[in-house]
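S.K.: Okay, here's the structure, questions in a sec.
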Number of protein chains: 4
Amino acid sequence: MDIEVLAVGGYNEFGRNMTAVRCGKEIVIIDMGIRLDSLMMHPDIEMENTHSLDLIEMGVIPDDTVMNQIEGTVKAIVLSHGHLDHLGAVPKLAHRYNAPIIGTPYTIELVRQQIEGEKKFGVNNKLYPLKYSQRYTISNTLSLELVRTQHSIIDTATVVLYTPKGAIVYALDFKLDRNPVLGEPPDFAKFRKIGKEGVLCLITESTNVNKKGRCPSEQLAKNMVRDVMTSYEDDKNALIVSTFASHIARVKTIAECAHEIGRKPLLLGRSMERYCSTAEQMKYVRFPDTTSIFGNRRVVERTLRRIIKGPRDEYVPIVTGHQGEPGSILTRMAQKDTPYRIEKGDKIMISAQLIPNDMNRAQRYRMFTMLSQQGGRIFDELHVSGHAYCEDHYEFLNMLNPQFVIAAHGGVNLTSEYLNLATDCGYTLNKDFFLMANGQRQKLA
Amino acid sequence: MDIEVLAVGGYNEFGRNMTAVRCGKEIVIIDMGIRLDSLMMHPDIEMENTHSLDLIEMGVIPDDTVMNQIEGTVKAIVLSHGHLDHLGAVPKLAHRYNAPIIGTPYTIELVRQQIEGEKKFGVNNKLYPLKYSQRYTISNTLSLELVRTQHSIIDTATVVLYTPKGAIVYALDFKLDRNPVLGEPPDFAKFRKIGKEGVLCLITESTNVNKKGRCPSEQLAKNMVRDVMTSYEDDKNALIVSTFASHIARVKTIAECAHEIGRKPLLLGRSMERYCSTAEQMKYVRFPDTTSIFGNRRVVERTLRRIIKGPRDEYVPIVTGHQGEPGSILTRMAQKDTPYRIEKGDKIMISAQLIPNDMNRAQRYRMFTMLSQQGGRIFDELHVSGHAYCEDHYEFLNMLNPQFVIAAHGGVNLTSEYLNLATDCGYTLNKDFFLMANGQRQKLA
Amino acid sequence: MDIEVLAVGGYNEFGRNMTAVRCGKEIVIIDMGIRLDSLMMHPDIEMENTHSLDLIEMGVIPDDTVMNQIEGTVKAIVLSHGHLDHLGAVPKLAHRYNAPIIGTPYTIELVRQQIEGEKKFGVNNKLYPLKYSQRYTISNTLSLELVRTQHSIIDTATVVLYTPKGAIVYALDFKLDRNPVLGEPPDFAKFRKIGKEGVLCLITESTNVNKKGRCPSEQLAKNMVRDVMTSYEDDKNALIVSTFASHIARVKTIAECAHEIGRKPLLLGRSMERYCSTAEQMKYVRFPDTTSIFGNRRVVERTLRRIIKGPRDEYVPIVTGHQGEPGSILTRMAQKDTPYRIEKGDKIMISAQLIPNDMNRAQRYRMFTMLSQQGGRIFDELHVSGHAYCEDHYEFLNMLNPQFVIAAHGGVNLTSEYLNLATDCGYTLNKDFFLMANGQRQKLA
Amino acid sequence: MDIEVLAVGGYNEFGRNMTAVRCGKEIVIIDMGIRLDSLMMHPDIEMENTHSLDLIEMGVIPDDTVMNQIEGTVKAIVLSHGHLDHLGAVPKLAHRYNAPIIGTPYTIELVRQQIEGEKKFGVNNKLYPLKYSQRYTISNTLSLELVRTQHSIIDTATVVLYTPKGAIVYALDFKLDRNPVLGEPPDFAKFRKIGKEGVLCLITESTNVNKKGRCPSEQLAKNMVRDVMTSYEDDKNALIVSTFASHIARVKTIAECAHEIGRKPLLLGRSMERYCSTAEQMKYVRFPDTTSIFGNRRVVERTLRRIIKGPRDEYVPIVTGHQGEPGSILTRMAQKDTPYRIEKGDKIMISAQLIPNDMNRAQRYRMFTMLSQQGGRIFDELHVSGHAYCEDHYEFLNMLNPQFVIAAHGGVNLTSEYLNLATDCGYTLNKDFFLMANGQRQKLA
């Protein structure tokens, strides 16, 4: 059986991830994401009303026309986790393939909501939630498993495709967190077992491979947030926190710290509601009893109007807007576009890092300036990354001991950073270590 | 006679420059500028319709309420040169003072046009053009001279106020260009003479004081631009150049290079017309005969519609938009918002540096990305600065040998960079070298 | 009574801190430090054999000749903490003053050892250990207190000089750590009391004032170190850690983590012995029972020769050399200048940040490259700072509410970063907020 | 005939360039360079006394053991130009191959001197100077030409190997300077002809491919240097200039400017003598008649002792040491290790850029600090690069239109920067555009 990997999206840029693996006549697609910063270039585009071909041209979704080059049948679309750069293009592309969409339960629920919001295409692929460690049989030669790992969203999986020539392991995105705040640590026993049984190819993210050491545990972010939130003993000022709406563990930490200092957590914003309510309903998380969640814009406005009248230390609004995104709640607060008013000494905490592109840099700068001018005190980077660092990759690579390695998640200028590590571990460029570009194929067996 | 300097604006930030000097009961104001990046924070503000007090609160114009603290009569408002951060607030503030506005002829013509565009206030101060080296008598103890210097706009002056205690020299902004492309080099003989006769205080810009060596001559920018523009021997692609509309010497260089390679210079954009036509009518510059200038938006559109039909190598559009400003011609070209179309291999040359703030960085990034996606080839930084470097300051300071030095043009984090140089030249912080903040007064005599 | 502050050293540069306060005819000197990177410029200089005047010329110790300008008698030399940039010049300068040297017990013990090592001068000033919260009476108008604070060395104090015009608070260096690993949190109650009673002047460090938010607690560093050190479940490779020898809390953390994973802590290096043995003997810290400490170079060599023969996972060497200092143990290991040998997979953890100057950058780069070439895996920045961030300063300033503020600890380019914060809190440059330069005096009352 | 390219050195790092091309049974080696910064890691190594195998292990010279993998006979060793990273390993490696060494006359003369200095190996390969545009016949199927180009050393060639399957063009290093200061512009007519006849493969440097626009002409550096050197009208201070000893055009410019201001050029230093005297004797350059050149260390000392007694404006010493290299003349001047003494107001001009690695950064910082402390005024970066920028590469690639492109001159993290450009021009990664690593082979036909 001949096997090849097809780099569809995310190999020339950061975002719009999509990879296909062909084993004989059977094809498995992994991930169908969007590229958010291409979307930011076109502030007037409404994604849900735009056609795939236009979005491909703008570089927002993967250019899957290359799929026509290969012969075979798509048997499954697998999703590694719930971030938009991994599943956001499903409503635009999945209907072209007559195949079920497989992911962990939370991921499947998120993609279900995505599909519902789509206005241009009808996506009727079967949605198939697959729990960690269960096998999904694709055919009599191929099967699939979602192995437990950690990242900055719950229910993230490392996708493992078992083939007659060995496993193909797709590790976008992951961190080897031994002390997670939500969920269990990665399933090291399973990874070691897979490594021993034989890995044909590891397709791995490379985001932080040039960072020395290990990625700090989410526990560290918890300590950071708690250290600051609980340090104002008898402060009557407001305290507002912004973080990634999809980072349930972080939202939990913040809500609990709010509770600890006697304030009620108030989750505000459409995406905050989507990710957090879903997680709570599915029992992945339990927020403190005093927590409220409001997503609808009008309800958010009404809530802010109400709380601004009470004591400033009654609630902790947990809001979207950490990147200064136009239209997000924190940005609108900064612009005085909500009923809320920042006062001298109010604390605004950003539990996120800057997503480093010039657009975000400008928007954050503008937002921070406006908040400061109103007397707000800014706390930034109460955060740790969700992506493995160099020594995590070193450990993972030694654990799996794959025959081939493909570095993914970014253009070659980024993925090439993995080469040093691969060389240290005995791999050779273009022989058993590959850098790929969108639209390119790499034969493995 | 007691003399003091009042830091009104531009001492806490980059922009909105305004300084007052009180000698006994007589006050001279130097510069009344705006801060452009504060304006950028409020994209919806129309400056000409906004009241001074609102603009002061936004940090766009100097807060001159501090002028009330001092007793005395404003006898003159002097303008050093025609950039908006030095004269843009005249329409908003000058009417409060019963004093003539004095500047070199080009500067006065520009401020006249500014005042005409103002819709909120009537400014009726007398406009008094003063040529280099002529004396303007303020009273029987005070007189004024505008000494020739160089900068990135024509007719820039170093303002010299002669007092009984020695001269007060206001050198914002300048460069010691011995080989200028337009105009004469700075009047070194005069500066040496003033130095010998005695300088009480030098108020100096400090923008590039942390750059080693000397600021390169504008001749160098000319060579850079020419080197690139004339290097495409039989290219049929379009060539579009963007530069500062107020940088007449640079526009001249570009127009002449266009002429040299057999293409017609086409100056497009409202500000391009304002600065360049004015300069040409006042005989400061002569562009090649083949040059056209169009400012009115509708005419610009019509012109672009016409030239896009002809051969791409007939014209060189010289346009605004080097910072990616929204609404500028180059930005609109990038967004396909004009009738013009970029084609593969077209050259876009930026004869300017990035004005380093996060807003510009984002806008330029967006514009460059869009131009590149259409096949445009980008040439950046065909430019030299208009601000003195460290060794220019060293020479200037030794030439004038002032009793006191005040570093201006930026917040203390910037102006403090001048301290090293001042220390090398024997000055001492807080004794004869001062860092000031807006609203602060410094007694000199 | 007239009071003035004299900036002797550390106001033009980072290091060689020394400040004097004159109250009437009585003078108190606070700190006498060295500048380490000036010393690095002259690799051949042996400090203990060099004369003060030469060291002053090289910029290594403060130029205290300015002390001659003021009339009065030095009554006390107070030391804030045990770092060399605060007490390293005592052996070179203290003998010129007929006054006791006062500091917390650990600081005094360190300065005693410093004085013993001096070969050029005999320093016979009385050494006076003063515990936190005890008063030292200087005269009938002046008294002194060392208030408990936190920093990156134990027994750090904020120096408070009580004068008839209010307290003078000298806060170099400090962090407001509410969860320290060693010792108690800063004495907030005392600071609040001092603030209420009236502070004439706060002299404050400004190192991290441009960092948003709060400085993370040392507890966070503990978590970082533990997170990594305990994450290698059955690794047989060597694990070597380097940190600041004077950072007793950190060394304790590392030693305890070593113990937790079943390896014996081995503290190696002269300065490691000086700081850690002293702290242990004085009962400030207790290391695990399995800990050994060796300082003498010959003994260190012998120990390394011995342990290299045993299993690699028996010990955790905790060594000097995190900045790649020539001659330090880690640097010599990298150069294969010790009997120890790095093998593939050995872990080298740096629990320190780069002290940002070009010399360190080069030395670290060289050391890391050599370690990597031998197969070592590098972990960097397992560290948090010991200096207050912006919001710590904001809290501290509001707590003390001083009449005047002087920003210290660096040249004006650094201290000027404090101005924004001071302005937010209602202070005005040159009126009640001062930036100073070495050799300058500021009258307070 | 099957053809392959073998990446021997310079594909994992910056430096030690060596590439081999095998056409059937015949092999051509191009370049044999050293890596200077690996050498800097071992300050105690004397290169001329060290064995190849040790130098290979240290990463100083290419690891040519991979040559054993391929069958065939080395027919020629071709050198592109005279820089050490392209020919410095000849004395260590060339004797292993029974083949002549071919290069332009100046390059061959430099390699002859290198070989003479070698103390470990006897290198007896025939040295064959080949002028631009002459053909060298290797066999009845292969021939060779050195095509004129420009770089930062005279007599640089683009190596063209004519094979039955098309030309292989090796363009390390080059710039498309249309206005060079020495020599003729690149032979564009020849490149166009080669492009038309068919290029099988372009092996290209990629140093500056991420810099927008074109690399400025050397004429611009001339203007920069002249602008500064001639701007001190009646200065009596010393003026010292440092530049690359091998950059003959630059040295010429500096010497001529010295002459223009009435000072005698004084070229000092061993490498200054080697490169400049050789160039003058071979009639590549003529320095002003007042020029002297001294290389021997004792003679240099004597000369400095002599000139320090005369007027400071009689000579312009042109010296080595622009990177702060230990032992170079400028570094020794800074350390007061020569009879020369820097005085207040002396000018030190660096006509070079920092070669960006941490070692140089530290050494320069140290040197500049010492020079400044003695009153020297520093002028930096009076320089333009010798490496093509993005648009030069764009032009060159379109001119040659090769079937395959290999980006060289640095690790994959650097060479991958070429991918964007290659993609813009229609190439595809791993199909007709290749990134290689040391020791790897790429089949072309």
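For all residues, glycine too, the Cβ spot is worked out from N, Cα and C.
Below are the features I grabbed from TrEMBL:
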BINDING   C:His81, C:His83, C:His151, C:Asp173  Zn(2+) 1 binding site
BINDING   C:Asp85, C:His86, C:Asp173, C:His409  Zn(2+) 2 binding site
BINDING   C:His383, C:Val384, C:Ser385, C:Gly386, C:His387  substrate binding site
DOMAIN    C:15-232  domain 'Metallo-beta-lactamase'
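Are these features on the surface or tucked inside, and what are their neighbours?
M.R.: Its own atom aside, the Cβ of C:His83 (Zn(2+) 1 binding site) has 26 Cβ atoms within 10 angstroms in the protein chains shown.
In sequence order, C:Gly10, C:Phe14, C:Gly15, C:Arg16, C:Asn17, C:Gly33, C:Ile34, C:Arg35, C:Leu36 are the residues near C:Asp85 (Zn(2+) 2 binding site), counting only same-chain partners six or more apart with C-beta under 8 A.
Cβ neighbour count for C:Gly386 (substrate binding site) (all protein chains, 10 Å cutoff from its Cβ): 25. Reduced to three states, the DSSP call for C:Gly386 (substrate binding site) is coil.
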S.K.: Around the recorded substrate site, report the further residues of that chain (criterion: Cβ within 8 Å of the mean position of the Cβ atoms of C:His383, C:Val384, C:Ser385, C:Gly386, C:His387; site residues excluded), sequence-ordered.
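M.R.: Near the substrate site, beyond C:His383, C:Val384, C:Ser385, C:Gly386, C:His387, sit C:Ser152, C:Lys175, C:Asn208, C:Cys215, C:Pro216, C:Ala221, C:Gln353.
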S.K.: Applying an 8 Å Cβ threshold (strictly under) against chain A, tell me which of the binding-site residues C:His81, C:Asp85, C:His86, C:His151, C:Asp173, C:Gly386 fall inside, in sequence order.
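M.R.: Listed in sequence order, the binding-site residues near chain A come to none.
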S.K.: Taking Cα atoms as reference points, rank the binding-site residues C:His81, C:His86, C:His151, C:His409 by distance from C:Gly386 (substrate binding site) and give the first.
M.R.: C:His151
S.K.: Tell me, what is the mean pLDDT of the domain 'Metallo-beta-lactamase' (C:15-232)?
M.R.: 96
S.K.: Roughly how many angstrom lie between the C-alpha atoms of C:His151 (Zn(2+) 1 binding site) and C:His383 (substrate binding site)?
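M.R.: Distance (Cα to Cα, whole Å): 13 Å.
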S.K.: Could you check which of the binding-site residues (C:His83, C:His86, C:Asp173, C:His409) sits closest to C:Val384 (substrate binding site), going Cα to Cα?
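M.R.: Looking at Cα distances from C:Val384 (substrate binding site), the smallest one goes to C:Asp173.
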S.K.: Given the binding-site residues C:His383, C:Ser385, C:His387, C:His409, find the one whose Cα is closest in space to the Cα of C:Asp173 (Zn(2+) 1 binding site).
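M.R.: Nearest listed residue in space: C:His387.
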S.K.: If I take the Cα of C:His383 (substrate binding site) as reference, which of the binding-site residues C:His81, C:His83, C:His86, C:His409 has the closest Cα?
M.R.: C:His83
S.K.: Between C:His409 (Zn(2+) 2 binding site) and C:His387 (substrate binding site), what is the CA-CA distance rounded to a whole number of Å?
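M.R.: A Cα-Cα distance of 11 Å.
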S.K.: Just to verify a number: CA distance, C:His83 (Zn(2+) 1 binding site) to C:His387 (substrate binding site), in angstrom, no decimals.
M.R.: 13
S.K.: Let me know the DSSP-derived helix, strand or coil state of C:Asp85 (Zn(2+) 2 binding site), please.
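M.R.: Assignment for C:Asp85 (Zn(2+) 2 binding site) reads helix.
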S.K.: If you take the centroid of the Cβ atoms of C:Asp85, C:His86, C:Asp173, C:His409, the listed Zn(2+) 2 site, which other residues of that chain have their Cβ within 8 Å of it?
M.R.: C:Gly10, C:Gly15, C:Asn17, C:Asp31, C:Gly33, C:Ser80, C:His81, C:His83, C:Leu172, C:Glu205
S.K.: Give the distance between the Cα atoms of C:His387 (substrate binding site) and C:His81 (Zn(2+) 1 binding site), rounded to the nearest whole Å.
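M.R.: A Cα-Cα distance of 13 Å.
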S.K.: Please report how many Å separate the Cα atom of C:Ser385 (substrate binding site) from that of C:His81 (Zn(2+) 1 binding site), as a whole number.
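M.R.: Pair distance, Cα basis, whole Å: 16 Å.
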S.K.: Give me the non-local Cβ neighbours of C:His81 (Zn(2+) 1 binding site): same chain, 6+ apart in sequence, Cβ-Cβ under 8 Å, ordered along the sequence.
M.R.: C:Leu87, C:Gly103, C:Thr104, C:Thr107, C:His151, C:Ile153, C:Asp155, C:Thr156, C:Ala157, C:Asp173
